[in-house]
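Worksheet for the structure shown next.
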Amino acid sequence: MSAWRIRVLATLCFLWQPRVHGQLPPPQNVTLLSKDFDMILTWTPGEGSPPDVLYTVRYESKTRMDKWIKVPHCRNIHSVSCNLTCVIPNFFIKFRAQVKATSGRFHSPWVKSQFKEYHLDVELAPPLLNVNVKENVIHVNATFPMAICVESLPWMYDFNLWEAGSEDKKQYKSIFRKKAVTIDTTALRGNYCFNARSSIQSIDFKHSKFSQPVCMQLNYEGEWKFPFSATIPVFVLLILLTSASIIWLLKQDAKHKKMPQTLDLSNCKIAGPTFCCELRENEFLTDCLICTDKPMSQGKKNKTLAQNNQMWMASFLPSSSSEEEEEEEEEDSSSFIPYTEMLQFPRKHFNFQTPRTADAETILDSTSGVLSVVGGSTLDLSALGFSFFPIRKNEMDTSGSQGNEKASHSHSSSLGRISLTDVRFPGPREHGQHGTDSNDCLEVSLLHTLMNSSCTRLPADEHCLYKKDHDFTICYQKPTLDQPVQVSENPLLNEDPSMEKFIYLQTLQVAEDEGFASDCDSGNFTEGTPPASTVLSDELRISDMEKRYDKKFKFKGYQHSHYMRRS
């Protein structure tokens, strides 16, 4: 090549070099930095740069030095920064970048940055807290403002919980990015605040700043709720008050109501003799006695018996005072079974009247009374409280004779129980033997004594049943034709065989520790020592009856016979 040609080329190069450098100055302050989980290259335009200047960026890693790789999204850009976060091939290797300015046909030289490692030099941003409030619990999780390419790194967050105005904060640390935290807020009342920060562990834990506090009311409505447990006693109290009010209103309404006239029995009086009875603690009435002057038919006797038992009943509770009485109770443990069959008796030749005698012991109101029978009417025993009549039927005695007639009956009355266990009516032969006797007696053996101060109050002209030594004596005078029969205690009984008679047999059972006064009006009551309480057994022995009781109603032709219980 000739010398002049070399000189021309050198001159042209000299002239061209100063002109280019004068048009595009290089970028200034080229820096590689990390901000909010990103790695960014930043710079500033050179002095005298035209407004339409463009910038191009490329990087190299320390493992492959002198091999610059262009960044696609940072080529001919107008901005003065380039995000290299997702361009970095490895987050654990250091790298650097360079940039130049271009304008038309002119460009500036490359300006390089320092080396940086993402995992060590990254700067973290505070996370965004998501608080989901539910009843008595809250759910807390965090959202990180980062690029998708770096989500695989082990990001964590911490958050604090505290009551507004208080410095006491409860910390929740090292919670992984996708994990939510559940907090029980049952005990929390009022305004509570939350804040959080992100963290990553490299050589040491690296933390971001705390986010701005997020405050909210926890259990705000619960402060004004009425506790459910308190409603139970209130409900019970309301029920009690309502019940008491209803009961009080019913009582007040009942006071203003009057008893119906049909149920008012205060003005009713029972016709017939008055019964006076002074009850003690061990006495109460359970039986009623009705006396009739007519024999009852066979079909009506059971009905009448039930009605009488329902109307007026007297029960006396016996008490044992000795071992002998207890043995008698066990021996006589069976109950009475009364005979209910009745004979039809004639209505003639019987009447009831009450002449007086001088026997003071058997007199009501210090006067005596007797039962007399007058022909032409039926004997009225209602004044003595008798209502049932015994059966009279022919029976064969032990010797085979049929001359004697036997009747036995027992029943409860208001004064107790009277029992005539053995009664024999004299036959025609016996009647002839004792025809001269004018007095007949009916023998009654009492199994129990009457109650003290219990008697039948009769009119002045009627006789009162009385007690002496625990036995009753009912005597009557029987006429031969039309003459009245005197009631007495004579042991003989004269009976007209042409007359059919009735004898009322009744059982009297009272408390064994009570006596009976013969005079209801005198107020003087005699206390007796009663025999032991006994009950009829299946068979009553005559010897036992004679040992226990002395006084008896006797009539002519009387004989003992065993009482057989009806099955």
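Cβ atoms are placed via backbone N, Cα and C, with glycine included.
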In Swiss-Prot, the entry for N-linked glycosylation site among Asn83, Asn141 points to Asn141
Looking at Asn29, Asn302, which residue has the N-linked glycosylation site feature per Swiss-Prot? Asn29
Residue among Cys74, Cys149 that, according to Swiss-Prot, closes a disulfide with Cys82: Cys74
Could you identify, going by Swiss-Prot, the member of Cys13, Cys149 that forms a disulphide bond with Cys86? Cys149
The residue that Swiss-Prot pairs with Cys215 in a disulfide, chosen from Cys193, Cys268, is Cys193
Of the recorded positions Asn29, Asn141, Cys215, which sits closest to Cys86 (disulfide bond) by Cα distance? Asn29
For the disulfide-bonded residues listed here (Cys82, Cys86, Cys149, Cys193, Cys215), tell me which residue's CB has the most neighbouring CB atoms inside 10 Å. Cys82
Taking 10 A as the limit, how many CB atoms besides its own sit near the CB of Asn141 (N-linked glycosylation site)? 19
Among the recorded positions listed as Asn29, Cys74, Cys82, Asn141, Cys149, the Cα nearest the Cα of Cys215 (disulfide bond) belongs to Asn141
Out of Asn29, Cys74, Cys82, Cys149, Cys193, the recorded positions in the record, which is closest to Asn141 (N-linked glycosylation site) when you go by Cα distance? Cys193
